[in-house]
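Report on the structure given below.
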Amino acid sequence: MSFKKMSALLLVAMLAVGVFGCKKKEEASKEAAAPAAAAGDTVKIGFLGALTGDVAMFGKPTLEGMKMAAEEINAAGGVLGKKIEIVEADDRGDKQEGASVTQKFVSRDKVVAIVGDPTTGITKVAAPVAQKAGVVLLSAGATGPGVVEIGDYIFRDTLLDSIAIPACIEFFAKDLKFKKVAIITSDNNDYSVGLSQTFRDAAKKVPEISIVADEKVKDGDKDFSAQITNIKGKKPDVILFSGYYTEGALIMKEARKQGLKAPMFGGDGLFSPKFIELGGQAVEGSMSALGFSTEQATPETAKFIESFKAKHNGELPGLFDAQGYDAVMLLADAMKRANSIDPKAFKDTLAKTKGFAGVSGTISMQANREPIKSPLSLLYVKDGKFVLKAKVPVKMD
Amino acid sequence: MGAILQSFLAGFDPYLLQILVNIGIAIVLALGLNVIVGLTGQLSLGHAAFMSIGAFASALITNKLGLAFGPNLILTGVITAVIAAIIGFPILRLTGDYLAICTLGFAEIVKVFFLNFEPSNKALGLTVQNAKTDIPVPIWVFLVAVLSVVLVSFVQTSRFGRALKAIREDEIAAEAMGINLTRYKIQAFALGSFMAGVGGGLYAHFLSYINPSDFGFLKSVDILSMVVLGGLGSVPGTVFGSAVLASAPEFLRFMSQYRMLVYGALLVFLMVFRPNGLMGGVNVMDLLLRAVGKKPAGVAFKEKSTT
């Protein structure tokens with residue numbers, strides 16, 4: 001067979017896979033939609049996030065959580081007698097596509113609310129589109145600044161670092177008696193640059209804490225000996241690292257090699273099995289602050305964990321599963337209180353949410369529509385595993 | 001004027017409009033690259049870098065100076081072209097793979113620059129204020145796209161364009177004909193980058209938030225694929241290639257997870273069957289004339305020469 005014929009055959013095969021793959025899906029969704037249509041109207045909620053590509057690790061669990069919430073609500077009779085339908089679309093983590101998907105949701109699918117994107121960048125591109133169309137957009141994951149400021153239809157259900165980090169730093173000073181901190185920033189990483197600023201602001205507010213070193217590294221660096229040498233002389237009690245797990249683990253290896261005993265503390269960027277895999281003995285005792293932990297669960301969380309485990313062969317849910325679940329629950333709760341599925345009405349009740357018992361913590365919306373969630377889970381590495389060190393309470397105003 | 005256009009756009013399906021704007025921006029960017037790669041034959045893998053210079057320059061001009069959108073785009077293009085000319089002067093002496101690697105390096109430098117550039121918020125990215133204009137941004141995009149098509153078509157048949165084609169075909173022969181290689185190459189590079197800058201400005205104001213990481217190597221390759229797929233050096237081809245590739249992710253959306261697989265397969269398939277691109281070597285004017293039943297000019301000559 002000639003090369004051209006082979007490639008033509010290959011293309012046909014691939015197209016067939018594509019067409020059949022989606023046919024199955026369409027049938028499935030038709031079946032799911034049929035009973036809902038019989039019971040009356042449906043409430044459409046869009047899922048905006050990456051299901052393929054680099055950031056699919058955030059999008060996929062968010063969608064899982066959303067589906068679970070929708071199923072539970074629908075099993076209990078739906079919201080205001082209407083079934084919830086999740087409309088999903090993949091944005092591949094691309095901004096232009098994120099904007100297109102949002103536009104598709106509001107003009108084609110006529111959703112009343114969108115959950116997503118789990119990353120700040122795409123949320124910022126999608127939010128103006130949703131705001132203009134008058135559709136509620138609730139990001140289950142965006143932690144960067146300047147999101148809810150875009151408009152009164154824009155929300156998020158993630159605990160902001162600017163609220164979580166001060167609570168942790170205070171906990172370090174009061175309970176762990178830390179005095180000296182060293183900050184390391186990965187300066188080609190937007191998440192890290194933002195988080196480091198939060199570290200600095202938080203540390204300045206606690207009188208017992210002083211910043212003894214402020215070093216810079218880059219994502220992708222392998223050698224951190226210069227930075228560690230600088231930090232070592234200042235004898236910090238803890239290294240605040242705002243970057244991701246790969247660099248975090250390598251930094252800790254270098255620190256232990258040079259005899260620096262301080263543990264590392266970071267945001268959810270450190271929370272990965274890879275951190276322990278790469279760091280080994282060096283990362284024992286290192287900490288990460290998260291909005292979700294399966295330990296010391298509240299009744300709501302325990303129920304969520306049980307049903308998640310039943311669905312996923314005993315696998316434990318993660319932060320994004322929980323946040324996706326909470327996002328749909330929050331929206332349903334706001335719709336119930338507003339007694340309406342009109343975004344114009346339930347955006348106001350959503351903004352007034354107080355003490356909502358979510359599976360990722362108790363959620364309240366502040367006056368500026370930024371959420372506060374309590375408690376925060378401080379995890380640390382013990383015997384090669386992340387375990388709960390403490391539930392740190394976050395002050396509500 | 002603005003209100004009329006606004007209500008005109010309101011009649012459109014916003015989702016379709018969004019896709020059309022994506023295509024429009026892609027056309028401006030791809031036509032710019034077509035001048036560099038297609039016409040002059042200089043392989044550049046750093047087109048997204050010029051797009052990012054344009055995007056950030058244009059965003060900063062709107063945010064800090066508040067200049068009207070029209071002058072803003074022109075100024076943005078000029079800034080990008082000047083930077084391209086400065087960069088082009090040393091690197092355009094290189095050819096082929098060496099030039100490609102140089103542009104690749106330059107693109108990285110630009111990215112790292114914006115990651116550390118204080119006025120554009122470093123790695124946090126920049127939120128762009130609304131464009132200072134009555135005319136909606138989508139109309140601007142269509143307008144600029146049409147202007148780009150006219151401009152590049154005009155350049156292609158001009159004395160300047162013929163010189164570029166001569167450089168593409170054979171540099172030594174071109175030089176022997178008295179073409180100043182460096183000067184023409186830099187001019188072509190600056191023109192292509194001018195359009196990349198304007199495209200970046202449109203992109204920034206349309207999406208309203210930009211981040212240095214949006215303009216990576218993959219973005220350059222995306223634009224290059226549009227040019228190559230459509231047919232190197234062909235304006236209708238580039239327009240067609242941009243339209244196909246910029247809209248493919250949305251049109252293939254019904255395939256959900258399989259769509260990028262099909263997208264990739266489509267690229268392979270097209271390159272196998274149309275190695276010169278969809279419209280490479282196709283004279284669209286001829287086809288149009290044939291369709292209305294007229295014999296295109298030059299056919300008689302061709303027929304004679306084949307016998």
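Easy rule for this one: first residue shown is 1, then count along the chain.
Keep in mind that glycine also has a Cβ here, set from the backbone N, Cα and C atoms.
Pulled from TrEMBL, these are the features on record:
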- B:15-36: transmembrane segment (TRANSMEM)
- B:43-61: transmembrane segment (TRANSMEM)
- B:73-91: transmembrane segment (TRANSMEM)
- B:98-117: transmembrane segment (TRANSMEM)
- B:137-155: transmembrane segment (TRANSMEM)
- B:188-211: transmembrane segment (TRANSMEM)
- B:223-248: transmembrane segment (TRANSMEM)
- B:260-279: transmembrane segment (TRANSMEM)
Do the transmembrane segment (B:15-36) and the transmembrane segment (B:73-91) share at least 3 Cβ pairs closer than 8 Å, excluding pairs fewer than 6 residues apart in sequence?
no
Close approaches to the transmembrane segment (B:73-91) from elsewhere in its chain (Cβ under 8 angstroms; 6 or more beyond its ends):
50, 53-54, 57-58, 61, 67, 99, 102-103, 106, 140, 144, 182, 185-186, 189-198, 200-202
The transmembrane segment (B:223-248) touching the transmembrane segment (B:43-61) per 3+ Cβ pairs under 8 Å rule:
yes
Any chance you could find the range in B:188-211, B:223-248, B:260-279 with the most Cβ pairs under 8 Å to the transmembrane segment (B:137-155)?
B:188-211
Tertiary contacts of the transmembrane segment (B:98-117), as residues 6+ beyond its ends and Cβ separation under 8 Å:
42-46, 48-49, 52-53, 56, 87, 91-92, 123, 212-213, 215-217, 220
